[in-house]
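Enquirer: Would you mind keeping the following structure in view while I ask a few things?
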Amino acid sequence: MLLQSDQELLYREPEPETDCSLLERPEEQPDTSKREIFGWCLYSWSSEPFIVSVVGTYVPLLLEQLARDNGVLNSDRTTPCNPKKNPATPEPLPPQQPSPDSTCVLPLFNGHYYVDTSSFALYTFSLSVLVQTLLVISLSGAADRGSHRKQILIIMGLLGSLFTIAYLFINDSQYYTASTLAVLANSCYGVANVCGNAFLPLLTKFHPELKKISKNDRNYIDKKGLISSKISGKGAATGYVSALIMQLLTMSMIIHLRKKKPHEIHAESEDTIWPIQVAISMVGIWWFVFQLPLKWLLQSRPGPPLEFHLHGTSTIINHLHIIRSYTIFGWSTLKHALNQTKDLKDISIFLLGWFIISDSLTTINSAAILFARSQLEMSTLALSVIGILTMVSAILGATLIPNVIQPKFNISTKDMLLYIIIWAALIPCWGILGFFTDKIGLRSPIEMYGLSAWYGFALGGLATVSRSLYGLLIPPGQESIFYSVFSVTDKGSSILGPLIVGLIIDKTHNIRYCFYFLFGLLILALPIMNALDVSRGMDEANDLAEESGTIAV
């Protein structure tokens with residue numbers, strides 16, 4: 001509302017659908033209900049197919065194919081890589097032995113730069129994560145104030161789904177447009193993901209089972225971690241089930257459009273990108289449809305309202321000033337949060353370790369897909385099967401780790417994370433073996449199927465354990481901003497990983513060399529995460545919350 005004063009207007013943002021008393025006392029909120037947990041899981045259900053199927057499988061393949069269709073041979077930088085795109089050009093004889101000059105490169109900016117066709121997708125994702133990070137920071141402050149967290153989650157999800165659907169309308173020469181859509185859609189997903197993750201500590205904090213235990217009880221920390229892990233596990237498993245369903249549906253659609261039988265899954269690469277475009281757009285429609293019910297299922301879980309002064313009475317000017325104020329608040333709060341992490345030793349340790357882990361694991365996926373396509377010559381359908389195997393294993397990892405493995409063997413959340421890192425490090429290690437033998441080490445498609453299952457189990461476990469562990473270390477009342485710090489760390493590493501791997505590919509024209517880089521990152525993360533002390537971190541977070549005026553749990 002606007003309150004008139006002598007020279008200026010005092011603006012307090014109204015909060016429809018939100019009890020005003022909750023805005024004044026955000027710690028006094030209703031208990032977490034099964035309906036709300038279902039709504040939070042639906043957020044994963046709607047958006048996870050995008051990051052798994054679109055970002056993880058189809059967009060890298062689409063960008064690589066578009067780059068190859070519009071690329072030229074590195075030997076003379078004039079002969080098209082795909083003669084079928086230019087029938088007047090005779091098909092060149094293949095070289096007797098592969099060499100950097102025989103590789104395909106894509107001219108960018110009127111031929112001022114040439115990049116390997118496999119690098120084009122990696123550079124695109126680096127740029128998308130940079131834009132995503134800037135957007136996340138700008139909106140994070142608004143997400144922590146009032147009920148905007150829920151609103152931003154829904155709006156950015158809807159926008160991201162529309163950009164994904166737009167892939168249906170590009171043609172095979174619009175590689176710039178395809179790259180731009182990837183940047184826009186991935187940026188929207190990143191903001192929605194930060195807002196969605198920020199609900200987890202609140203769902204845990206107000207869970208009825210946790211309220212039954214005294215905060216001074218010695219089992220309080222373990223109980224809180226277990227509840228957080230179970231909720232996080234449900235969300236992760238739900239998302240992976242959704243991604244699995246969409247992977248099956250899109251694979252069936254690709255088979256139908258290409259009029260091929262399932263046993264022809266290893267057929268040579270097809271000339272048209274249309275089936276991939278349809279598959280990507282199907283994921284966008286899925287995201288859009290299931291994003292809508294969040295409006296009724298999720299509670300706002302409001303924070304304190306933001307107040308600031310407006311000069312003048314122009315509605316447009318005032319709204320621009322409001323947007324500007326929220327943006328400044330987001331950046332200043334992030335700066336304050338980064339300064340606070342200096343006093344939060346264990347959050348600093350976690351973020352450093354997570355920067356390294358995320359850099360490696362997210363880049364492994366893109367590098368493996370491009371490796372399978374360019375080196376093993378696996379078709380889109382074969383890579384869809386790999387996506388399905390990854391999702392099945394991820395569901396098992398997200399379900400078994402918090403509900404079976406951790407309770408049965410009494411493994412702490414921190415130790416579970418260390419075991420997952422070791423598990424994941426074996427993936428790039430296997431790729432490195434290919435330098436020393438031509439029998440194993442990603443020398444055949446069958447190995448890709450096995451490693452996809454191995455990777456999926458690690459991915460599912462990591463999604464559950466990392467969110468749960470970080471949620472325990474966040475100062476109460478500052479969930480969105482600290483999850484934005486988490487996202488900046490996560491996405492910041494995702495800028496560097498694909499960029500460095502892309503440079504390695506451009507330098508060597510051999511994707512296999514990137515496995516050394518990825519393996520080294522995971523090994524480096526082990527001693528860092530081992531230095532984490534969860535109990536000390538929770539005490540530090542509660543002390544900071546009390547000093548800053550928020551309510552400690």
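Every residue, even glycine, has its Cβ placed from backbone N, Cα and C.
Sharing the features that TrEMBL gives for it:
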| type | residues | note |
| --- | --- | --- |
| REGION | 1-28 | region 'Disordered' |
| REGION | 73-99 | region 'Disordered' |
| COMPBIAS | 89-98 | compositional bias 'Pro residues' |
| TRANSMEM | 120-140 | transmembrane segment |
| TRANSMEM | 152-170 | transmembrane segment |
| TRANSMEM | 237-257 | transmembrane segment |
| TRANSMEM | 278-298 | transmembrane segment |
| TRANSMEM | 347-371 | transmembrane segment |
| TRANSMEM | 383-405 | transmembrane segment |
| TRANSMEM | 417-436 | transmembrane segment |
| TRANSMEM | 448-469 | transmembrane segment |
| TRANSMEM | 513-532 | transmembrane segment |
Enquirer: Under 8 angstroms, Cβ to Cβ: which one of 152-170, 383-405, 417-436, 448-469 has the largest number of such pairs with the transmembrane segment (278-298)?
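Expert: If we count Cβ pairs closer than 8 Å to the transmembrane segment (278-298), 152-170 scores highest.
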Enquirer: With Cβ distances under 8 Å as the criterion, find the stretch in 347-371, 383-405, 448-469 that has the most pairs with the transmembrane segment (237-257).
Expert: 383-405
Enquirer: Do any residues of this chain, six or more beyond the ends of the transmembrane segment (448-469), have a C-beta under 8 angstroms from a C-beta of it, and if so which?
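Expert: Same-chain contacts beyond the flanks: 197, 200, 225, 228-229, 232-233, 236-237, 239-240, 350, 354, 357, 361, 364-365, 368, 372, 376, 378, 385-387, 389-399, 401-402, 413-414, 416-417, 420, 423-424, 426-427, 430, 442, 534.
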Enquirer: Give the nonlocal contacts of the transmembrane segment (347-371) in its own chain as ranges (CB under 8 Å, at least six residues past its ends).
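Expert: Residues 56-57, 60-61, 64, 118, 121-122, 125, 341, 383, 386, 421, 424, 427-428, 431, 442, 448, 451-452, 455, 458-459, 462, 466, 469-470, 473-474, 482, 485-486, 489-490, 492-494, 496-498, 501, 511-512, 514-515, 518-519, 521-522, 524-525, 528-529, 531-532, 537, 540-541.
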